[in-house]
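**Student:** Once you've had a glance at the structure underneath, I'll fire off some questions.
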Amino acid sequence: ADKRINHGSTLVIHGGAGIIDRKDFPESKQKEYLDALKKALLAGHEILKEGGSSIDAVVASVKVMEDCPFFNAGKGSVFTISGKNELEASIMQGVDSHAAGACTLLSTIKNPIILAKTLLQDPENPHVFLGGIEAEKYAKSKGLEIVDPGYFWTKHRWKQHLDELENKKPMQPENLRMINNLNNGDSRDVCDAADPSPIGTVGAVAVDINGIISTATSTGGFNNKKDGRIGDTPLIACGTWADNETCGVSGTGNGEFFIRHSVAYDVAARMKYLDESVQDATSKVIENLSKVGGYGGVIALDKYGNFAMPFNTDGMFRGYIRVSESIPYAYIFNDDNLNKELVVKFRN
C-alpha cells in the first residue's frame, strides 16, 4: 500500500489462531464467533470515531473478548496442569517513551488488560511488569474488579483439561481438533460451539486521529501448561509491540517460539531497517516462524492505517474496522479473503 495514503483511524483485532476444521465447525457456530468479533470491533470503534485514544480503543475491544467464553482470555481461559487458571496480558503505546504495562500469573483479576493499562498509566508506578500475588494486591488497591477464581471455570475448558490429562500428552498442533458440543443448552455462560482454538490469545491494535498506535494482548496461555509458566503475551517485543514510526503488533500461537524469536518486535524491525511495508514484514516474519517449526499469526497496523493479518494455521479469528467506513469485517479461515461467500461483512 502507498504509505502516502492515510486511511485514518483503524482498529484490527484477533481472537486466536489454531487448527480450525471447517467441516466440524458449522456455519451457525461460525456466526456466533463472528458476531463476538463484531462486538469487539464495534466497542473499540465507538471510541475511535469520537476522536478517542487508541489505548482506550484497544482495551475496550480486548475487554469484550476477555468477557466472552469463546476466546482463550479472561472468562474463557484454559486451565493449567493442576487445574487452575493463570491469566496474563500486556499493553503498549507507540509513543517515544515506549510506554508499556504487563501482568501475569493472575487468578482473581476479571480483566487483565485493564490491569496492564492501569500499570502503564499510573504515574506512581515505576514498573512495566508485575506478576502474581503482588500484581493482584496492586489491582485491588486501584479499585479493579476482583473475582473468585471460580469465575473463570467453564465447562468446555474443563473438558479440554481433563481430556488432555487422560491422553497423557500435551496437545500438539495437529491434534488441536475441536471437542464435541458440551453445552446441551444448559448454561448460557458456556461456549455453545466446540472450541476450535484452545491455544488462542486475543489482541487488538489501533491507530487514532493523532497517529498514536496502541497494542493490547491478553490470554489464558495454553491448555495444561505448567503452573507458573509465562508466555509471550505479557512480554513486550514478543507478543506485543507498538511504535508510531513503524507499527503495532499483537501475536497469537506457540508462545515459546514468539519469545525466542521476538516475533512482534521483528515485524517493526523489518519495517524500520529494511523499509518493508507492514504487509511484507509480517509475511516474512510468519514465513520465518514456519521455518523454525512455530505456528500462529500476527495482526499489525501502521500509522497510516495499513494493516496485515497473516498466519500459518488453518484459521485465525480476526477482523478490522475503519472510522472512514464504520463497517466491521470479520474472518475465520485462511481462504476467507479469496472466497467471497465465506467473508462475513457486518453493517450497522
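Backbone N, Cα and C define each Cβ position, glycine as well.
All annotation found in TrEMBL is predicted automatically rather than curated by experts.
Here's the feature list from TrEMBL:
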ACT_SITE  Thr201  active site, nucleophile
BINDING   Arg229, Ile230, Gly231, Asp232, Thr252, Gly253, Asn254, Gly255  substrate binding site
**Student:** Please report the distance from the Cα of Gly231 (substrate binding site) to the Cα of Thr201 (active site, nucleophile), rounded to the nearest angstrom.
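**Tutor:** Gly231 (substrate binding site) to Thr201 (active site, nucleophile), Cα-Cα distance: 11 Å.
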**Student:** So if I measure Cβ to Cβ from Asp232 (substrate binding site) and keep only same-chain residues at least 6 apart in sequence, which ones fall under 8 Å?
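**Tutor:** The answer is Cys238, Gly239, Gly251, Gly255, Glu256, Phe258, Ile259, Val263, Ala264.
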